[in-house]
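This report refers to the structure that appears directly beneath it.
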Amino acid sequence: MATLAADTRDYVVADIGLADFGRKEINIAETEMPGLMALRAEYGASQPLKGARITGSLHMTIQTAVLIETLTALGAEVRWATCNIFSTQNHAAAAIAASGVPVFAVKGESLADYWDYVGRIFDWESDNDGRTANLILDDGGDATMFALWGAKLEAGETMPPPENEEEVEMQRALKAFIAAKPGYLTKTVKAIKGVSEETTTGVHRLYHIAKKGELPFPAINVNDSVTKSKFDNLYGCKESLVDAIRRGTDVMLAGKVATVAGFGDVGKGSAQSLRNGGARVLVTEIDPICALQAAMEGFEVVTMDEAVKRSDIFVTATGNADVITAEHMAAMKNMAIVCNIGHFDSEIQIAALANYKWTEVKPQVDLVEFPDGKQIIILSKGRLVNLGNATGHPSFVMSASFTNQTLAQIELWTRSEQYQNDVYVLPKHLDEKVAALHLEKLGVKLTKLTQKQADYIGVPVEGPFKPDHYRY
């Protein structure tokens, strides 16, 4: 059960007594997050985020705590919630709450609480002072959608009928928020200078809204910064996926057959993760380019219908829906392990198993028994396995992602008038800056171009070194 502080109700955490433990781990993480620490040193005195009120929706982990404290060190005020019901690290949330930042996050929170907490991070008003959020930092798009749909409802529009429990709770929370604070979300949307979005799924939502001409403020697509997608998505998953599967099941990967659905950056890292553990890896793909990449990396590319007959472990990494169906799971081997490393829980038809016998082995590990007696293991109920069953990506790779997020927030706050209501990526020179900030920690020494060499290839001596269309 969540506990509240005696002197304030402006946070919800599992146990505020975990704050000291959280602070110790935050201190360690700071030594592995050179990009964020460099931004504190560079911008701390100038306070470029002074006056910014950031509504943040992103996994409440130790690494996110370092991001939050970087934003506040640069002058921002922050209200924070997690973006996944299983991803919170309770000691991290406690440490941030104890520092005075309003945070609403409990590992294993209900969907009802999740959406109520999204409402809490938008409620900036104190004593009817009229304050609202003026920036959003999002992961998956839930906070952005809450604000946009809130403004639409206040304008008299209606939402489509909910199709699942998630949508039921979102609509309930929105209506409750509007009833308590009518007109406030409309005012909020007008005040927002922009949103920076962390992940592939959220970026897809933003592009969809922008294509319809309905995006009311600029958005920065952090996910497609090279120092995010080619590092967090690839190298992060390469380390965190097998960590989660092993913590959840104690399975020996060596010799097993594993299937990865999707061979984008996350799928590439996941497939390498499993292969490095000794598994024989199959890949499913819809895209001929990604399928060819997988084949030339030595992976066997098959359909899911074939994979279910052969595999012991299944990982979805597509960002799509119904990738593993109830029929697929019914055809799997006894004690097959099924999990997802995409942002939402739509990739595996978990709801279709609701009427079968579920046995919780431990938190985020369930045995599901089919009518014929066969069982499969479901991790994190089909939600993000690396954050549900483990602690997510290592601090170092998250430093690159969160340095991008911080730079995006500075860009939106200080230069928003230079952006239209569209989706942008950070300029190449900032992408290269993020990479450069992480080299010393690894002992990397860059070669410097001479002026003659720079002229020869047509780039500045100090960069940027690649055109925007270059594919790393």
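Just so it is clear, glycine is given a Cβ too, placed from its N, Cα and C backbone atoms.
Marked as substrate binding site by Swiss-Prot: Thr61, Asp139, Glu198, Lys228, Asp232. Cβ neighbours of Thr61 (substrate binding site) (same chain, under 8 Å, six or more residues apart in sequence): Ser87, Thr88, Gln89, Ala92, Leu387, Thr391, Gly392, Met398.
Spatially close to Val266 (NAD(+) binding site) yet at least six residues away along the chain are Thr200, Asn233, Leu234, Cys237, Ala317, Ile341, Gly342, judged by Cβ distances under 8 angstroms. Per Swiss-Prot, NAD(+) binding site is recorded for 199-201, Asn233, 262-267, Glu285, Asn320, 341-343, Asn386.
Around His343 (NAD(+) binding site), the same-chain residues at least 6 positions away in sequence with a Cβ under 8 Å from its Cβ are Asn84, Asp139, Gly140, Thr199, Thr200, Thr201, Gly202, Gly319, Leu384. The Cα of Lys228 (substrate binding site) lies closest to that of Gly264, out of the binding-site residues Gly262, Gly264, Glu285. In this structure, the C-alpha atom of Glu285 (NAD(+) binding site) lies 21 angstrom from that of Asp232 (substrate binding site). In this structure the C-alpha atoms belonging to Asp232 (substrate binding site) and Gly264 (NAD(+) binding site) are separated by 13 Å. The maximum pairwise C-alpha distance among Thr61, Asp139, Glu198, Lys228, Asp232, the residues recorded as binding substrate, is 17 Å. Cβ neighbour count for Asp232 (substrate binding site) (all protein chains, 10 Å cutoff from its Cβ): 26. Neighbour counts were taken as the number of other C-beta atoms within 10 angstroms of each residue's C-beta; across the binding-site residues Asp139, Glu198, Glu285, the minimum falls on Glu285. Across the structure, Glu198 (substrate binding site) and Gly264 (NAD(+) binding site) place their CA atoms 16 angstrom apart.
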